[in-house]
Amino acid sequence: MWILIYLFIIWSSLRTWVTAVDSTTTVGDDLNETVSASVWPTMSPQMTVAFRSQRDVMGNLTIDQLPYVGLNLRRVLLNNETSMVNEGNNTRLLTLFKSMLSSEANAFVLDLEQYNNDLRVVDTTLLFSDVLIALESFIFSTQNNLYANIIVLLLNISAPELDSTEYRHQNQTLNTTYILDKNLGNSFIYKPTDLQSDRAKNNTWNIYGKSSIDGWPTLGSVLYEQKKRLVIGELTDFFNETTAPYIFPHDVFHYEQGNSTLDCPSTVEGLTDLSSIHWRFLDSLFNSVDIKEYISCGLSPIISNSAYVNNVTQLADIIHEGSVWSWDSDQPSVTQSTSKSGSSSGTLEAYNCVLLYYFANNETVTWRVGNCYNSNIGLCRYENMAFRWLVRSNKATYFDFDSYQGSKCPDQYSFNIPRSPLEQRSFIAYMRNSSFSDTQIWIDLNSISVSNCWVSGGPYASCPYEKVISRRNFVTMMVPASVCSFALLCIVVYLSVLRVPIYDNRKNWRRVINKISKSELEGVPS
């Protein structure tokens, strides 16, 4: 019985160890997973980590200020030149749409027309409900902290050719709420009523990080607290609050086609003015060069490059250039473990911290992984001011720049990071005005706690995806317990195999007892 008990203890210890080892590599293992269909090029492990780290960095930005990269589905996928559309190949169209959802694109413009008291995708036989079912499938498969992201669906509704009376009647009888509830469900949709509720609870913010009655909630609040994934908006004026309570009206979005009327800001005042405009979209033709410039100017590009179905995946390069505005082309380096090691020169190495490289000749910046033990200057931000920066001249390791003893940043400043293309543009303006040469600067981003999980919050920030026990701490914790368990097991085995001598010689012991018993007096003493 005792053997079984202690074997169970050992088995439990080993099982816990295996679980902990698996948990420390979960993020790395997830790099090999994919939720993409085979039609669209899948993201590499490096690209997956880069895209996820950007999302996490932007967690405290409001959803209206995020940089979205979108596709105009009618131009890119559902145009009349696509043979699948002419053939009515809806299955393949939906397969390609699902694979687009799994790419870096996170905004889509969809043209719909009213058809028999329903909505149908223009120039196809696809119903709006078919698209919603595909969306629901994708959202369910990515409803976790690793893959979840906000999707914006912008609708262009074509009015039927009817007189005004018939038009009003059909508009009122078209039940969009029923269509959305039946084929997608309202739990994933961030609705106008949700925005009203957030504003009533002071859960909406402006660019200064202060509660605002005309602001929007943060990405982290929408994704992780409210578990919302989809924002639906209308670009036309077909619906109203009564007929489509789940859909935001057209005046919420700043949507332009062709050329933008918004100037690209170069001053803090210009950046602040631009940030006061919500949901800035530009629907136009883009290439892999100019899309980065539009992103850095605070616009969310909607790609309208006409494509054939056989070459539609060539747009993946353009989407990639627009969606990754931070990391260098070969970054971040994907590792299998986080460890501290010594080089041949005897110095410590831990390539788990991020340096922002500034190039003065062309005024560009990029992020690269660096050795946390190297000494560099660091980046500080003034309180909650999104566009006010300070670079400290005193060098320190990543661990020393922002530690428990205090930060190297002065009072009212904190160790920080550009969280969006606009903030990065304001940093470039600061570096230009301060006449900095080419410089490497620590920013608040590292993967010290878990490999490939890049987090902000200093060197002691934990990975948000799960509760993880590091290998180093786990070994320190489990070695004493394992040694004690093994020692107890050895004692039990020893006592079970080697009997105590008194039991090993029972006959002699019984003879001695009988001899002593005979010498005892019997009866009652007189």
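Cβ from N, Cα, C; glycine included.
What Swiss-Prot records for this protein:
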- N32: N-linked glycosylation site (CARBOHYD)
- N60: N-linked glycosylation site (CARBOHYD)
- N80: N-linked glycosylation site (CARBOHYD)
- N89: N-linked glycosylation site (CARBOHYD)
- N156: N-linked glycosylation site (CARBOHYD)
- N171: N-linked glycosylation site (CARBOHYD)
- N175: N-linked glycosylation site (CARBOHYD)
- N202: N-linked glycosylation site (CARBOHYD)
- N259: N-linked glycosylation site (CARBOHYD)
- N311: N-linked glycosylation site (CARBOHYD)
- N362: N-linked glycosylation site (CARBOHYD)
- N433: N-linked glycosylation site (CARBOHYD)
- 1-20: signal peptide (SIGNAL)
- 21-477: topological domain 'Extracellular' (TOPO_DOM)
- 499-526: topological domain 'Cytoplasmic' (TOPO_DOM)
- 478-498: transmembrane segment (TRANSMEM)
Three-state secondary structure, which DSSP defines for N156 (N-linked glycosylation site): strand
Per-residue Cβ crowding (10 Å cut-off), top of glycosylation sites N202, N259: N202
Between N60 (N-linked glycosylation site) and N156 (N-linked glycosylation site): CA-CA distance (Å): 30
Glycosylation sites compared (N60, N433) - the one with the fewest other Cβ atoms within 10 Å: N433
Glycosylation sites listed as N156, N362, least Cβ neighbours within 10 Å: N362
Top Cα neighbour of N433 (N-linked glycosylation site) in the set of glycosylation sites N175, N259, N362: N362
Residue among glycosylation sites N60, N175, N202, N259 with Cα closest to the Cα of N362 (N-linked glycosylation site): N259
For the topological domain 'Extracellular' (21-477), the mean pLDDT of the predicted model: 86
Inter-residue C-alpha distance, N202 (N-linked glycosylation site) and N259 (N-linked glycosylation site) (nearest angstrom): 36
Number of Cβ atoms other than its own within 10 Å, given for N175 (N-linked glycosylation site): 14
Rounded to the nearest Å - Cα separation of N175 (N-linked glycosylation site) and N259 (N-linked glycosylation site): 35
Nearest-integer angstrom distance between the alpha carbons (Cα) of N60 (N-linked glycosylation site) and N259 (N-linked glycosylation site): 30
